[in-house]
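Summarising the annotation, Swiss-Prot assigns transmembrane segment to 21-41, 44-64, 91-111, 112-132, 139-159, 160-180, 211-231, 235-255, 263-283.
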Amino acid sequence: MINLRQQMPHYLRLMRFDKPVGIFLLLWPTLWAVWIAAKGAPSFKIAVIFIAGSVVMRAAGCIVNDFADRHLDKHVQRTQMRPLASGSVSVTEAMLLFAVLSLIAFTLVLLLNRLTVELAVIGILLALVYPFLKRFTHLPQLWLGVAFSWSIPMAFAATVGHVPAVAWLLFFAAVLWPIVYDTQYAMIDREDDVKVGIKSTAILFGRYDRLMIGLLQGSVLLTFGLLGWYLRFNYWFYLGLLVALGLMCYQQFLIRHRKPPDCFAAFRNNNWVGFFIFLGILLTHRN
């Protein structure tokens, strides 16, 4: 028998509820899309469904990731004490928890229209495949960007019944952003990853990592600027982008020596990038 009271702290760690920054990194693109699709006035129902769905799917994604990496995590100092790698949670427990979370997510999406449900199926497949890609390609961060941003076409489908061109422009910007912060994150484990055969953009970029991150950051802001021009957003949106630019410059300062604690700080700082872009979107629809 599973002792839920005893195991609950381990389950929460498995779902990364002890590290909520990941929830927000998934949530910000969702909120960008929900607010833009609804022209600043989303329905309460859609907002709640997408917020709850982001939290649930992030937790489910963490379980899949740890299941895929459970044998590799034992050899990486930062991850060797994760619940599945350390044995504090069994594979059976993890799969049961994943099934419960998937059922919750499926129930939520059934409250939306058919197109959104169809897109959700694709989103689930994207999330399931991602953890296994790091064994075969140096671009798992690109797939992560697609998976993390798939809520954008879903939000437009749920709100307006189709996915317009502007949704794909927002999607493009959102896909590039996780490549930025997950490359910063991968810089932490680069030496260990090389030893165990894990691939990442941090390894692919090598000594050009800061340059490539900078180019990606610039591309994110440029695409958002184009989006703002196309939608005729006011100065509040561009002020939000200006703050985001300042934060990205600070991230470049943090990773200048490529020290793991500083790379992790840069990764976490992206939460504020997402927040200020959302704040700009929120305020541009209030004025």
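Cβ atoms here come from the backbone N, Cα and C positions, even for glycine.
Only sequence-distant pairs (6 or more apart) were considered; of these, fewer than three Cβ pairs between the transmembrane segment (44-64) and the transmembrane segment (263-283) are under 8 A, so the stretches are not in contact.
Through the fold, the transmembrane segment (112-132) approaches residues 46, 49, 57, 60-61, 64-65, 67-69, 102, 105-106, 140, 143-144, 146-147, 150-151, 153-154, 157-158, 161-163 of its own chain, all at least 6 residues removed from its boundaries and within a Cβ separation under 8 Å. Contact between the transmembrane segment (21-41) and the transmembrane segment (139-159) is supported: at least 3 Cβ pairs lie under 8 Å, counting only residues 6 or more apart in sequence. Counting residues 6+ beyond its ends, the transmembrane segment (235-255) has Cβ neighbours under 8 Å at 180, 184, 187, 209-210, 213-214, 217, 221, 224-225, 228, 262-263, 265-266, 269-270, 272-273, 276-281, 283-284, 286-287 in the same chain. For the transmembrane segment (211-231), the most Cβ-contacting stretch among 91-111, 139-159, 160-180 is 160-180 (pairs under 8 Å).
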